[in-house]
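What Swiss-Prot records for this protein:
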- Asp107: active site, proton donor/acceptor (ACT_SITE)
- His103, His105: Zn(2+) 1 binding site (BINDING)
- Asp107, His108: Zn(2+) 2 binding site (BINDING)
Amino acid sequence: MKRGGYRQINKALNISAFENYLDIQHDHLPKLNDVEQLSPRVLRVLGQNAGKFTLQGTNTYIVGTGRERLIIDTGQGIPEWTDLISSTLRDSAITLSHVLLTHWHGDHTGGVPDLIRLYPHLSNSIFKHSSSNGQQPIIDGQVFHVEGATVRAMHSPGHSHDHMCFILEEENAMFTGDNVLGHGTSAVELLGIWMASLRLMQSSGCRVGYPAHGAVIADLLAKIAGELDQKARREARVVRTLARNKREEQSKGRSKGSMTVQELVTAMHGKGLDDQVRTMALEPFINEVLGKLAGDGCVAFEVRRGEKRWFIVNDVTSSP
(Lines of atoms letter the chains of each structure in order from A and count residues from 1; the text may use other names and numbers.)
(Lines give C-alpha, C1' and ligand atoms only; values in the text may rest on other atoms or scores of the structure.)
Protein backbone atom coordinates (compact mmCIF):
# COMPACT_ATOMS: atom_id res chain seq x y z
CA MET A 1 0.00 0.00 0.00
CA LYS A 2 1.44 3.36 -1.00
CA ARG A 3 1.74 6.28 1.36
CA GLY A 4 -1.72 7.73 2.06
CA GLY A 5 -3.32 4.53 0.73
CA TYR A 6 -6.91 3.99 -0.25
CA ARG A 7 -8.12 3.47 3.29
CA GLN A 8 -6.84 6.94 4.14
CA ILE A 9 -8.10 8.45 0.90
CA ASN A 10 -11.58 6.96 1.21
CA LYS A 11 -11.69 8.18 4.80
CA ALA A 12 -10.47 11.59 3.74
CA LEU A 13 -13.11 11.78 1.05
CA ASN A 14 -15.68 11.48 3.82
CA ILE A 15 -13.76 14.06 5.84
CA SER A 16 -12.96 17.28 4.10
CA ALA A 17 -15.44 16.95 1.28
CA PHE A 18 -18.41 15.76 3.35
CA GLU A 19 -20.22 19.02 3.95
CA ASN A 20 -19.79 20.05 0.33
CA TYR A 21 -20.99 16.74 -1.06
CA LEU A 22 -24.10 16.97 1.09
CA ASP A 23 -24.85 20.23 -0.71
CA ILE A 24 -23.98 18.85 -4.13
CA GLN A 25 -25.86 15.60 -4.44
CA HIS A 26 -24.77 13.59 -7.44
CA ASP A 27 -28.16 13.86 -9.12
CA HIS A 28 -27.87 17.64 -9.16
CA LEU A 29 -24.51 17.80 -10.91
CA PRO A 30 -24.59 19.22 -14.44
CA LYS A 31 -24.50 16.59 -17.15
CA LEU A 32 -21.24 16.35 -19.03
CA ASN A 33 -20.95 14.86 -22.50
CA ASP A 34 -18.98 11.65 -22.83
CA VAL A 35 -16.72 13.37 -25.36
CA GLU A 36 -16.48 17.14 -25.68
CA GLN A 37 -14.11 19.56 -27.39
CA LEU A 38 -13.58 22.15 -24.66
CA SER A 39 -11.16 24.36 -26.57
CA PRO A 40 -9.15 24.11 -29.79
CA ARG A 41 -6.47 22.26 -27.79
CA VAL A 42 -8.42 20.29 -25.19
CA LEU A 43 -10.71 17.31 -25.78
CA ARG A 44 -12.35 15.78 -22.70
CA VAL A 45 -13.31 12.10 -22.52
CA LEU A 46 -15.25 11.02 -19.41
CA GLY A 47 -13.96 8.01 -17.51
CA GLN A 48 -17.39 6.29 -17.31
CA ASN A 49 -16.95 5.92 -13.54
CA ALA A 50 -19.50 8.38 -12.17
CA GLY A 51 -20.03 8.19 -8.43
CA LYS A 52 -20.44 10.14 -5.23
CA PHE A 53 -16.77 11.00 -4.97
CA THR A 54 -15.79 10.86 -8.65
CA LEU A 55 -18.69 13.20 -9.55
CA GLN A 56 -19.55 12.74 -13.25
CA GLY A 57 -16.49 10.51 -13.58
CA THR A 58 -12.77 11.04 -14.03
CA ASN A 59 -11.97 13.55 -16.75
CA THR A 60 -9.30 12.38 -19.17
CA TYR A 61 -7.94 15.06 -21.45
CA ILE A 62 -6.49 14.69 -24.94
CA VAL A 63 -4.29 17.73 -25.50
CA GLY A 64 -2.90 19.24 -28.71
CA THR A 65 -4.02 20.20 -32.21
CA GLY A 66 -2.06 17.89 -34.48
CA ARG A 67 -2.20 14.21 -35.30
CA GLU A 68 0.04 13.34 -32.34
CA ARG A 69 -1.24 14.45 -28.92
CA LEU A 70 -0.81 13.66 -25.24
CA ILE A 71 -3.35 12.47 -22.71
CA ILE A 72 -3.70 13.51 -19.08
CA ASP A 73 -5.01 10.76 -16.76
CA THR A 74 -6.52 7.45 -17.82
CA GLY A 75 -9.62 6.91 -15.71
CA GLN A 76 -10.30 3.88 -13.55
CA GLY A 77 -9.88 1.05 -16.03
CA ILE A 78 -13.57 0.89 -16.94
CA PRO A 79 -14.06 -1.07 -20.21
CA GLU A 80 -16.52 1.54 -21.49
CA TRP A 81 -13.80 4.20 -21.19
CA THR A 82 -11.36 2.00 -23.08
CA ASP A 83 -13.87 1.60 -25.90
CA LEU A 84 -14.64 5.31 -25.87
CA ILE A 85 -11.01 6.45 -25.95
CA SER A 86 -10.20 3.95 -28.69
CA SER A 87 -13.07 5.06 -30.92
CA THR A 88 -12.38 8.75 -30.25
CA LEU A 89 -8.73 8.42 -31.25
CA ARG A 90 -9.61 6.33 -34.30
CA ASP A 91 -12.40 8.59 -35.54
CA SER A 92 -10.26 11.72 -35.12
CA ALA A 93 -7.10 10.11 -36.57
CA ILE A 94 -5.20 10.94 -33.37
CA THR A 95 -2.22 9.06 -31.95
CA LEU A 96 -0.88 9.47 -28.43
CA SER A 97 2.75 10.32 -27.68
CA HIS A 98 2.71 10.77 -23.89
CA VAL A 99 0.52 9.71 -20.97
CA LEU A 100 0.72 12.18 -18.07
CA LEU A 101 -0.70 11.10 -14.71
CA THR A 102 -1.70 13.67 -12.12
CA HIS A 103 -1.20 11.20 -9.24
CA TRP A 104 -1.26 7.54 -8.30
CA HIS A 105 -4.91 7.01 -7.28
CA GLY A 106 -6.67 4.23 -9.14
CA ASP A 107 -9.37 6.40 -10.69
CA HIS A 108 -6.56 8.20 -12.59
CA THR A 109 -4.15 5.37 -13.35
CA GLY A 110 -6.50 2.42 -13.82
CA GLY A 111 -6.68 2.79 -17.60
CA VAL A 112 -2.91 2.60 -18.14
CA PRO A 113 -2.81 -1.18 -18.78
CA ASP A 114 -5.56 -0.87 -21.38
CA LEU A 115 -3.78 1.98 -23.16
CA ILE A 116 -0.58 -0.05 -23.31
CA ARG A 117 -2.50 -3.09 -24.54
CA LEU A 118 -4.09 -1.03 -27.32
CA TYR A 119 -1.03 1.10 -28.06
CA PRO A 120 2.16 -0.78 -27.10
CA HIS A 121 4.37 2.15 -28.16
CA LEU A 122 3.16 3.97 -25.03
CA SER A 123 4.80 1.48 -22.66
CA ASN A 124 7.84 3.75 -22.21
CA SER A 125 5.84 6.98 -22.30
CA ILE A 126 3.85 6.81 -19.06
CA PHE A 127 4.89 9.77 -16.91
CA LYS A 128 4.19 10.30 -13.20
CA HIS A 129 5.86 11.98 -10.27
CA SER A 130 7.33 9.32 -7.94
CA SER A 131 7.33 6.90 -10.86
CA SER A 132 7.13 3.12 -10.46
CA ASN A 133 6.59 -0.03 -12.52
CA GLY A 134 8.43 1.22 -15.60
CA GLN A 135 6.90 4.69 -15.53
CA GLN A 136 8.98 7.73 -16.39
CA PRO A 137 9.45 10.39 -13.69
CA ILE A 138 7.99 13.86 -13.95
CA ILE A 139 10.19 16.64 -12.63
CA ASP A 140 8.70 19.87 -11.32
CA GLY A 141 8.81 22.35 -14.20
CA GLN A 142 9.26 19.68 -16.87
CA VAL A 143 7.78 20.69 -20.22
CA PHE A 144 5.99 18.40 -22.69
CA HIS A 145 5.48 19.53 -26.28
CA VAL A 146 2.99 18.39 -28.88
CA GLU A 147 1.70 20.32 -31.86
CA GLY A 148 -0.37 23.26 -30.60
CA ALA A 149 0.29 22.66 -26.91
CA THR A 150 3.05 23.32 -24.41
CA VAL A 151 2.35 21.59 -21.10
CA ARG A 152 4.40 22.42 -18.00
CA ALA A 153 4.34 20.23 -14.90
CA MET A 154 3.87 21.70 -11.41
CA HIS A 155 4.41 19.53 -8.34
CA SER A 156 1.46 20.31 -6.08
CA PRO A 157 1.18 17.79 -3.23
CA GLY A 158 -1.60 17.75 -0.67
CA HIS A 159 -4.35 15.66 -2.18
CA SER A 160 -1.59 13.07 -2.51
CA HIS A 161 2.17 13.23 -2.00
CA ASP A 162 2.87 12.84 -5.74
CA HIS A 163 0.19 15.17 -7.07
CA MET A 164 1.01 17.13 -10.23
CA CYS A 165 -0.87 19.90 -11.98
CA PHE A 166 -0.15 20.77 -15.59
CA ILE A 167 -0.16 24.27 -17.08
CA LEU A 168 -1.27 24.67 -20.70
CA GLU A 169 0.83 27.66 -21.69
CA GLU A 170 -1.09 28.59 -24.84
CA GLU A 171 -4.36 29.03 -22.92
CA ASN A 172 -3.07 30.26 -19.56
CA ALA A 173 -5.03 27.29 -18.21
CA MET A 174 -4.27 24.57 -15.69
CA PHE A 175 -5.16 20.90 -15.43
CA THR A 176 -5.81 20.95 -11.68
CA GLY A 177 -6.02 17.20 -11.05
CA ASP A 178 -7.78 16.49 -7.77
CA ASN A 179 -6.40 19.53 -5.94
CA VAL A 180 -9.29 21.65 -7.20
CA LEU A 181 -12.50 20.07 -8.47
CA GLY A 182 -15.17 21.42 -10.76
CA HIS A 183 -17.77 21.04 -7.99
CA GLY A 184 -17.30 21.04 -4.23
CA THR A 185 -13.92 20.63 -2.56
CA SER A 186 -11.20 18.03 -2.66
CA ALA A 187 -10.09 15.40 -0.18
CA VAL A 188 -6.58 15.95 1.15
CA GLU A 189 -3.90 13.89 2.86
CA LEU A 190 -2.10 16.86 4.45
CA LEU A 191 -4.14 20.02 4.84
CA GLY A 192 -1.26 22.47 5.32
CA ILE A 193 0.68 21.15 2.33
CA TRP A 194 -2.46 21.22 0.19
CA MET A 195 -3.14 24.85 1.11
CA ALA A 196 0.46 25.75 0.23
CA SER A 197 0.01 24.01 -3.13
CA LEU A 198 -3.18 25.98 -3.77
CA ARG A 199 -1.26 29.19 -3.16
CA LEU A 200 1.39 28.01 -5.61
CA MET A 201 -1.31 27.23 -8.16
CA GLN A 202 -2.80 30.67 -7.52
CA SER A 203 0.57 32.33 -8.14
CA SER A 204 0.66 30.87 -11.66
CA GLY A 205 -2.09 33.29 -12.68
CA CYS A 206 -3.91 30.66 -14.74
CA ARG A 207 -7.45 31.79 -15.45
CA VAL A 208 -9.15 28.55 -16.51
CA GLY A 209 -9.10 25.21 -14.71
CA TYR A 210 -9.54 21.78 -16.27
CA PRO A 211 -10.24 19.61 -13.19
CA ALA A 212 -9.93 15.84 -12.96
CA HIS A 213 -13.56 15.69 -11.82
CA GLY A 214 -16.40 18.03 -12.75
CA ALA A 215 -17.01 20.84 -15.18
CA VAL A 216 -14.47 23.34 -16.48
CA ILE A 217 -13.63 26.01 -13.90
CA ALA A 218 -14.19 29.32 -15.68
CA ASP A 219 -12.48 31.44 -12.99
CA LEU A 220 -9.79 29.31 -11.42
CA LEU A 221 -8.32 32.12 -9.31
CA ALA A 222 -11.69 32.82 -7.69
CA LYS A 223 -12.26 29.10 -7.07
CA ILE A 224 -8.87 28.74 -5.35
CA ALA A 225 -9.46 31.86 -3.27
CA GLY A 226 -12.79 30.42 -2.14
CA GLU A 227 -11.19 27.09 -1.19
CA LEU A 228 -8.51 28.81 0.88
CA ASP A 229 -11.03 31.08 2.58
CA GLN A 230 -13.29 28.16 3.46
CA LYS A 231 -10.45 26.19 5.06
CA ALA A 232 -9.23 29.29 6.94
CA ARG A 233 -12.71 29.86 8.36
CA ARG A 234 -12.92 26.25 9.55
CA GLU A 235 -9.50 26.53 11.18
CA ALA A 236 -10.55 29.74 12.90
CA ARG A 237 -13.65 28.04 14.28
CA VAL A 238 -11.54 25.27 15.81
CA VAL A 239 -9.17 27.83 17.34
CA ARG A 240 -12.07 29.84 18.79
CA THR A 241 -13.64 26.74 20.31
CA LEU A 242 -10.39 25.63 21.94
CA ALA A 243 -9.69 29.15 23.20
CA ARG A 244 -13.16 29.46 24.70
CA ASN A 245 -12.83 26.09 26.41
CA LYS A 246 -9.42 27.05 27.79
CA ARG A 247 -10.80 30.24 29.32
CA GLU A 248 -13.75 28.37 30.83
CA GLU A 249 -11.52 25.65 32.28
CA GLN A 250 -8.97 28.14 33.61
CA SER A 251 -11.77 29.88 35.47
CA LYS A 252 -12.25 26.54 37.27
CA GLY A 253 -8.54 26.22 38.04
CA ARG A 254 -7.68 23.85 35.18
CA SER A 255 -4.75 25.21 33.21
CA LYS A 256 -4.80 23.67 29.72
CA GLY A 257 -8.50 23.28 29.00
CA SER A 258 -7.72 20.35 26.72
CA MET A 259 -10.40 18.55 24.70
CA THR A 260 -10.72 15.27 22.88
CA VAL A 261 -11.70 15.43 19.23
CA GLN A 262 -15.10 14.07 20.22
CA GLU A 263 -15.59 16.87 22.76
CA LEU A 264 -14.44 19.44 20.23
CA VAL A 265 -16.91 18.22 17.61
CA THR A 266 -19.74 18.32 20.16
CA ALA A 267 -18.81 21.85 21.20
CA MET A 268 -18.78 22.97 17.56
CA HIS A 269 -21.78 21.07 16.20
CA GLY A 270 -23.95 20.07 19.17
CA LYS A 271 -24.95 16.72 20.66
CA GLY A 272 -27.62 15.73 18.16
CA LEU A 273 -25.28 14.62 15.39
CA ASP A 274 -25.87 11.44 13.44
CA ASP A 275 -23.27 8.90 14.61
CA GLN A 276 -22.06 8.17 11.08
CA VAL A 277 -21.70 11.86 10.27
CA ARG A 278 -19.71 12.30 13.45
CA THR A 279 -17.37 9.31 13.11
CA MET A 280 -16.96 9.17 9.33
CA ALA A 281 -16.86 12.87 8.56
CA LEU A 282 -16.54 15.47 11.27
CA GLU A 283 -14.14 13.82 13.71
CA PRO A 284 -11.59 12.80 11.04
CA PHE A 285 -11.82 16.23 9.42
CA ILE A 286 -11.24 18.00 12.74
CA ASN A 287 -8.27 15.68 13.30
CA GLU A 288 -6.81 16.89 9.99
CA VAL A 289 -7.36 20.53 10.96
CA LEU A 290 -5.74 19.95 14.35
CA GLY A 291 -2.75 18.32 12.65
CA LYS A 292 -2.26 21.40 10.50
CA LEU A 293 -2.69 23.76 13.46
CA ALA A 294 -0.15 21.71 15.42
CA GLY A 295 2.29 22.08 12.54
CA ASP A 296 1.68 25.83 12.66
CA GLY A 297 2.44 25.86 16.38
CA CYS A 298 -1.07 26.98 17.33
CA VAL A 299 -2.20 23.86 19.20
CA ALA A 300 -0.67 20.87 20.98
CA PHE A 301 -1.94 17.78 22.72
CA GLU A 302 -1.49 15.83 25.90
CA VAL A 303 -2.36 12.21 26.61
CA ARG A 304 -4.49 11.61 29.67
CA ARG A 305 -5.83 8.18 30.57
CA GLY A 306 -4.95 6.96 27.09
CA GLU A 307 -6.84 9.77 25.34
CA LYS A 308 -5.29 12.43 23.13
CA ARG A 309 -6.54 15.82 24.30
CA TRP A 310 -5.92 18.99 22.33
CA PHE A 311 -5.38 22.49 23.68
CA ILE A 312 -4.52 25.87 22.30
CA VAL A 313 -0.92 26.95 22.88
CA ASN A 314 -1.64 30.65 23.04
CA ASP A 315 -5.11 32.14 23.41
CA VAL A 316 -4.91 34.21 20.23
CA THR A 317 -8.57 35.20 20.26
CA SER A 318 -10.84 36.75 22.81
CA SER A 319 -13.98 35.87 20.88
CA PRO A 320 -16.75 34.36 23.03
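Glycine is treated like the rest: Cβ placed from N, Cα and C.
Within 10 Å of the Cβ of Asp107 (active site, proton donor/acceptor) there are 24 other Cβ atoms, across all protein chains.
For His103 (Zn(2+) 1 binding site), the same-chain residues that are 6 or more apart in sequence and have a Cβ closer than 8 Å to its Cβ are Lys128, His129, His159, Ser160, Asp162, His163, Met164, Gly177, Asp178.
Annotation for His108 (Zn(2+) 2 binding site): same-chain Cβ neighbours under 8 Å, separated by at least 6 residues, are Thr58, Asp73, Thr74, Gly75, Gln76, Leu101, Thr102, Gly177, Asp178, Ala212.
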